[in-house]
Amino acid sequence: QMSNSSSITKFLLLAFADTRELQLLHFGLFLAIYLAALLANGLIITTIACDHRLHTPMYFFLLNLSLLDLGSISTTVPKAMANSLWDTRAISYAGCAAQVFLFVFLMSAEYFILTVMAYDRYVAICKPLHYGTLLGSRACVHMAAAAWGTGFLYAVLQTANTFSLPLCQDNAVDQFFCEIPQILKLACSDAYLREVGVLVVGFCLAVGCFVFIVLSYGQIFRAVLRIPSEQGRHKAFSTCLPHLAVVFLFISTAMIAYLKPPSLSFPSVDLAVALLYSVVPPALNPLIYSMRSHEIKDAL
């Protein structure tokens, strides 16, 4: 038993496996996913930055999305890989705090960027004549800055709050990275309520963005259904539906992870949910948002 958090110098992350062969298998799988995400997002960033034809609002936001994807997957996966490779579970107290901060910052900012991207598509399809005025270069920079800035502030709030809670349980985190719900399970029971307040703020932000995204796509689908050509409709649906699918996967799994009561915790389910919102989107976003785009393929 640990009476307070000052005596904890490190946390123990979830070990994926106890046999060496399985540990190396997990290392290999994570390495493959990580390299694929690095390569795909890196290609998109380079292509958009280097090709002047891609200097449009849509691709500017895609560039931001790829940067955030690179950052978020680099926050969690390399540490888990290193632990598998060297057969350890430890992460330092500071390392754990850094992981929580960076992960919340990059994931929140990514969600806000996805919200801005829904607005960008809405204006492009529903108000094409106003596109240049509503999404000028200054407006785009302001929106991206607001997304990064809000994510940063929320991460500061969330991290400061989480790591100021006294920890009464031991130091074993039931997850492959320092995830807030798993750290809260280590906190003294009476301290839990303070954290709920911060999570409610996050929940309201998330629901607000989600409603905005759904309404934007609702308007887009209404406009698309009026397009006379079958081909035009197909093109619009094939770009918008995958976007909605990614957003839905991201928000539903994150909500399950962060809002379910600690008593309903099953290690295998928690692990699957965490993989779905922390590892899958950064690896899939490049395919869903970019590789379907003819402009990106041509530029590549």
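From the backbone N, Cα and C atoms, a Cβ is placed for every residue, glycine too.
Annotation source TrEMBL lists domain 'G-protein coupled receptors family 1 profile' at 40-289. Per-residue confidence over the domain 'G-protein coupled receptors family 1 profile' (40-289) averages out at a pLDDT of 88.
With a threshold of 8 Å between CB atoms, the same-chain residues lying at least 6 positions outside the transmembrane segment (24-46) that come near it are 16-17, 62-63, 66-67, 69-70, 73-74, 77-78, 80-81, 84-85, 279, 282-283, 285-287, 290-291, 296, 300. Here TrEMBL flags 24-46 (among others) as transmembrane segment.
Annotation source TrEMBL lists transmembrane segment at 90-114 (among others).
If you look up TrEMBL, you'll see 135-157 (among others) marked as transmembrane segment. For the transmembrane segment (135-157), the list of distant contacts is 57, 60-61, 64, 101-102, 104-113, 115-116, 119-120, 123, 198, 201-202, 205: same-chain residues at least six beyond its ends, Cβ to Cβ under 8 Å.
Sequence annotations record features per position, and here TrEMBL assigns transmembrane segment to 196-215 (among others). If one looks beyond the transmembrane segment (196-215) by at least 6 residues along the same chain, the residues whose Cβ comes under 8 Å of a Cβ in the stretch are 108, 111-112, 114-115, 118-119, 150, 154, 157-158, 161, 244, 247, 251, 254-255, 258-259.
According to TrEMBL, the feature transmembrane segment maps to 236-259 (among others).
Annotation source TrEMBL lists transmembrane segment at 271-289 (among others).
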